[in-house]
Amino acid sequence: PPAMSRRVVRQSKFRHVFGQPVKADQMYEDIRVSKVTCDSSFCAVNPKFVAIIVESGGGGAFIVLPLAKTGRVDKNHPLVTGHTAPVLDIDWCPHNDNVIASASEDTTVMVWQIPDYVPVRNITEPVVTLEGHSKRVSIISWHPTARNVLLSAGCDNLVILWNVGTGEMLLALDDMHTDLIYNVGWNRNGSLLVTTCKDKKVRVIDPRKQQIIAEKTKPHDGTRPIRAIFVADGKIFTTGFSRMSERQLGLWDLNNFEEPIALQEMDTSNGVLLPFYDADSSIVYLCGKGDSSIRYFEITDEAPYVHYLNTYSSKEPQRGMGFMPKRGLDVSKCEIARFFKLHERKCEPIVMTVPRKSDLFQDDLYPDTPGPEPALEADEWLSGKDADPILISLRDGYVPIKNRELKVVKKNILDSKPPPGPRRRHSTCDSDFSQPALEEVLEEIRALKETVQAQEKRISDLENKLGQFTNGTD
């Protein structure tokens, strides 16, 4: 009988995930979001801060707000302003919630230490500046498990891996991409990269062997940009366009790149789809730049492998999107994702929730998740070691830890021998400035800096107290 052929509804605890914007007073208002045209997400968030690339005259800047500082942003709120041209991408360090990296049109990558208090003035001094690209740098991404390893990709078709703790270049992948790189993603333990490129290829790269271990030409036939990310079990998820300019998503197996496991058409909008993946729930969220919706899909091992769950729709298009790491979510409300949607003048958090009746900790929704401790040091990783993320339980929620300084220990130039060949004219610097004298001066500068920082914190605390005092009397 025909009744038998009715599709059995697939069982999934995520079938009813729904998205909701926060209340109006929980948004961040009066932010001049950058108008630079590039397909970056313009926003980076962690359990302490939301950072947003903003418009800035002449140079490049981004704003960093403590998560709790919702409402109107003071027009004099300090910015992070060290770049001499627009900032194109920002990324929080996964192992230190007070450290953020920025990539810029000025060809540099800068790494910043953000204090837990709101500073009084703009932050203009990065902890370290990484110079190695010859054109603008549009992509940065921290290594998921190794301390201080940062990747950057530029319009010079070059991918560079840095050790931020020494300011040194670890690896340069220079002969792999014949054209502009669209995006770069790490796998879960940071042993492999996946990249997409204007030459219409998706490449899987072993960065330490400097080898392309798999590639696929034209996973999507259209000419517009492709994105690719690793999902569970080393599979690769892509978004792109069909020959008829329909948006598509694809799922691929690394060991057989020829045929897709799944290929689905979606719609004819022309915004590039930014994929955000949550490994704990195997859900991919697709946020189209310029779209007003977020579509989400569950990836499983049974056909059709990529299962449409739902769409969060709104009226306003998104200029960019931040995605909160799992440890920054409210487990007591069964929140499984939180997006930070950028409008022209504000940032609106959107909460994705699994409806549950119980108030108890839902351990099926919250398996142990990557915590803030790195599993490897940079040199261990470089020498060939791999390690999965160190996991933490969210049973009692996650409390961010206090500010930890990022220490950059540059290799001491004075330790290295002078270059061979004719000796330069003996410079006065060598004779007048003995090593101990130099150390003393540096020590003094460090002490002065600490004093200034302490004063700034004191001023900031006093201002906050004064603010509470005056607000109380209104």
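Just so you know, glycine gets a Cβ as well, placed from its N, Cα and C.
Here TrEMBL flags 7-71 as domain 'DUF1899'.
Long-range contacts of the repeat 'WD' (80-114) within its own chain (CB-CB distance under 8 A, at least 6 residues past either end) are made by residues 34, 36, 38, 40-49, 51, 53, 56, 58-64, 122-131, 133-142, 144, 147, 150, 152, 154, 162, 164, 325, 370, 372-374, 400-401, 403-406. According to TrEMBL, the feature repeat 'WD' maps to 80-114 (among others).
Away from its own ends, the repeat 'WD' (130-172) comes close to residues 38, 40, 85, 88-95, 101-111, 178-181, 183-186, 188-190, 193, 195, 197, 205, 207-208, 210, 370, 374-382, 386-390, 406-411 of its chain (Cβ-Cβ under 8 Å, at least six residues beyond either end). Residues annotated as repeat 'WD' in TrEMBL: 130-172 (among others).
For the repeat 'WD' (174-215), the number of residues in each DSSP class (helix H, G, I; strand E, B; coil) is 0 helix, 22 strand, 20 coil. What TrEMBL records for 174-215 (among others) is repeat 'WD'.
Feature annotation from TrEMBL assigns region 'Disordered' to 412-433.
The coiled coil annotation in TrEMBL covers 438-472.
For the domain 'DUF1899' (7-71), the predicted model reports an average pLDDT of 93.
Sequence-distant contacts of the coiled coil (438-472) (same chain, at least 6 residues past either end, Cβ-Cβ under 8 Å): 115, 117-121.
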